Every structure is written in C-alpha cells, then in structure tokens.
Amino acid sequence: MPVNLTRNAIAMMNSGDVNSKPLVQVVDIKLIGNSQERYRFLLSDSESTQHAMLATQLNEQVRTGRVKKGSIIQLIDYICSTVQNRRIIVVLNMETIIPEYEIIGNPKLPTGSEPEANKSMPNNNLLEPSTRSTNNRYSAPAPANKAQSFQPTIQPAYQPPPNYKIQGPIMKNEAPARIIPIAALNPYQGRWAIKARVTAKGDLRRYNNARGDGKVFSFDLLDSDGGEIRVTCFNAVVDRFYNVIEVGKVYLISKGSLKPAQKNFNHLKNEWEIFLESNSTVELCPDEDGSIPRQQFSFRPITEIESAENNFILDVIGIVISVNPSVPILRKNGMETQRRILNLKDASGKSVELTLWGDFCNKEGQKLQEMVDSGLFPVLAVKAGKVNDFNGKSIGTISSTQLFIDPDCPEAQGLRAWFESGGRNTASISISKELMPGGSKNEIRKTLTQIKDEGLGRSDKPDWVTAKATVVFIKTDNFCYTACPLMIGDRQCNKKVTQSGPDSRPYRTHLGNSFPGSWRRNLGMLGKGNVFVEI
C-alpha cells in the first residue's frame, strides 16, 4: 500500500520544528553504546535523511520488532540537538504506523552530515535509486496519484507556565526550555526542562575532604510518566535551594548538568543524576498537577526478600503484627542512636523483621506501637528499605527510607482485605533470625536454664543466643568503672584503668603502662561516676 511521507520533514526538524508530528521512514537501525543500550536511527522523508537517537524508554519497541528497517513511524515528541557540530534528532515518543514497508523515494544524506554515517549502515544500497521488482520490499513505490496520505496530528506549541518570569529582553538560548519527560534526559540535549514532584528530601550533610569543608543535600523527583531522578546540590547552591524544596510540591527545573548516578548512594532506576549549578532555575508550580503521582512504589513480596542480595534496596509492604520498644544503641563511632524492631507479614505466608533507626523510632515507630497496643494492625509501606542478610534476612531503614502508614494505594487496600478476611489468623514463617528453623544457636531462643545446662559461653569461642527474660535484680554498687579516655581512630578506648597511687594519680592503663603527664592531668579529673561504660 503506497504511503506519502511528510514532505520536507527533515529540513523542518533541522530548522527547529517540534510540533508537526511528521510521518517518516526508518531506513537503518544501529545499536550503539557500551555501558547502556541505545539505538540510532536513520530517518527519511523520501528525499533527505537524518540521524536520530532513540530515547531509552523506547528501546523495547526495537527489541520486540515493532520498529525495524523500513518501518513507517510518526514522531509524536522529539527535539533536534547539535552534537559534535552535527544535528541529531532525539526521538522521545513515536507511533508505528506500518511495521514493514519498502524504501520510499531516493533519500540522500543532507549536507553537513557525518562523512562516516554511511559506513554504519550494513546495506548502503538502500540509499541508491531502486530498480528491483515490485515483489521486493525495497521496490519503488506506486505512482503518487494512488498514494494514501497519512495526515499527522498537530501538537500545539509549548507555552511556558504563567509563573515563568522574563526579565529583560530574551537573548539567544534564554527562551524557556521545552519540557521533556525525565526518562528522556540524556547528554545529547542542550537545553531542557522537567516538571516533577519532590518525593523525598535528604538531610543537609557536611563533609571534609582534600578540597576543604563543604555541604550537600539531594532530593528525588517523579514526573507524570513515572520517571524518577535524583537532584544534588553542593555548597553555595545548597543555600539557594535547600529551604525552597518541599516534599510533595511540583517544580519546574532547568539548566542543570547531567552526570552518571552514583549507584552506591542512589537507588533510583535512572542512570543519570542532575547536579544543580549557579545558573540553574527551580520554580514552584503553584497549581496542583494531578497527573503527577505523589509517590511511586515497586513492592516486592516478603517471600522474594529471601533471595535478595545483602544491601539491596527495595520497597516492601505488609501488616504490622508486632512492635518492640525503642532501645538505645551505641554505634562504633561512640555515638548513641535509637533502634526499634517490628515485624511485617503479607499474603505470601512469610514475615520479616523491620529495624527502625534514629528518628524513625520516635516518629513513625511510636505511632505504630500505639496502634498495635490498641489492637489495630496497620499497613506499612516501606520505600527504599535496605536488605540485611546477617543471620537471616531483614530490612533496615536508611537516610533515604520513607515510611507510609495505611497508605492510599491498591496494594494496601488488597492487603487489608486479605488480613480482615482471614489473614489475621494465618500462620506465617519468619525469614528473619528469630524463628529461622534449623538455624544456628543465635537464631533460636534459649531459656536461662538451657544456657546454663548446655554450658554456653564457657568455651574459647563465644556462643550467641537470643533470650527473653524479666529483670528481677539490679546491682547498684560498682555499676561503673573509670575508663580510658584515649581516642583510637574515631572511637574512645573505654577500657578499664586502675589507680596506681594514693592520691588517685597517676592511673595505669589496661596494659599496665603509666600514662604520660598530659594524659595523667586529664585522668586526674576523672573519678567514680564520671566516665561510664556499659557492662
């Protein structure tokens, strides 16, 4: 069936047109890139050709064969950028009109195209005038008077939001950038803008390295197409935007730089990360955009956590069946924090321990404990929990974790319905250390009598056990000792020191050596009750 392509489409796109939604033909496809799969097209309007890069979210159309050499496609969303002194079309969205068709017309490369472009095409004679028979897919098209014309729809020109402020005359490259999806961001674009909602905001952190002191914070964005990306700000840029950014608000962001995401600290499914600079713009969108969700989850059933790797970041949702009290924990760096452990279960028949750290214990953790103590069993959604595989699998919170109690989402509603219809009384097997069947000694609870009868803790190597008991006596005399205040790296020694003179100085170390004079002066100020070490 003869087809008319959009006349002069290549020339119009090279001139800056982004609204005509032209009908073009794919005359070549090439897979490029080492670190990431990307496809390069050679597009034709039957007279001219132009190289184009396919946005990564459209790769599936090539893999599944929906788009191939000869396909007739309509470009829905696209831009034309200059890369290394040549023009390249970046295809952000498209529609396949005819999956397979013969090469139309006599397309030739436009003037100024890369000289080696033809070398990337395995069949260069596609650009030659066709003289083959009509039963060949590359035969010449039928006469134009019998051609069927596909009229592309017209996309209205982008209008900047009303809150975009133009100060002074618009100079070159100072006009509002065109809004594109987050998934389409790539280094081939010169100017871009994204409209997205802030789903998480990190704390302001300070650091010190060879370049000096600094500060940094980051926040996560989600757009209407489900694309997510992290934005990071350093030093002076922090002062500009830290108080501006609010979780849940929608912003228009432009003039940032794209760099590869640091996967050790960034769990989002995006290979890029935005770094805001001194000329970057962040503008609040005053009108609520209902097309952008407030949060996006990718829940894993608890049973799948068993096979997850250590330190893996995932989303999980479950019914809170128990909450333990918050307890203080001394970290390796000598700082004290809070820890609270609760248990989640879901319809997979498994349960898992969730460990809350720091502020999570006093905020969401306290609310969960009050709900469970009152007979309520809330649904808890965990965004970006970290898998721990020490003695079974468990989940822990990190700085970027978010907790949602009884969230309004289909998964929570389905879980609540299952629990109320009988799931409450369904037994579940814990994948965490407390109830692991056949586990080692520290994975199974022991009574105090069992510990004594089995002689645990009396060998050269330590025996680890879990016990639940009631405190019936607390020794009040000699509950502390004078500890060594010396710093070993970033932590205090804390080993016991003994008095070696009648005047309470000097002290002897746990190694039997006296302290130098300066240390003795510091230790002379110490006494019973001044330095505490938990026994």
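Glycine is treated like the rest: Cβ placed from N, Cα and C.
Summarising the annotation, TrEMBL assigns domain 'Replication factor-A protein 1 N-terminal' to 5-97. What TrEMBL records for 108-150 is region 'Disordered'. Per TrEMBL, compositional bias 'Polar residues' is recorded for 120-138. Annotation source TrEMBL lists domain 'OB' at 194-274. Annotation comment: TrEMBL describes 302-406 as domain 'Replication protein A OB'. According to TrEMBL, the domain 'Replication factor A C-terminal' annotation covers 464-502.
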Model confidence over the domain 'Replication factor-A protein 1 N-terminal' (5-97), averaged pLDDT: 84
Helix, strand and coil residues within the domain 'Replication factor A C-terminal' (464-502) as assigned by DSSP: 0 helix, 9 strand, 30 coil
Composition by DSSP (helix, strand, coil) of residues within the domain 'Replication protein A OB' (302-406): 18 helix, 50 strand, 37 coil
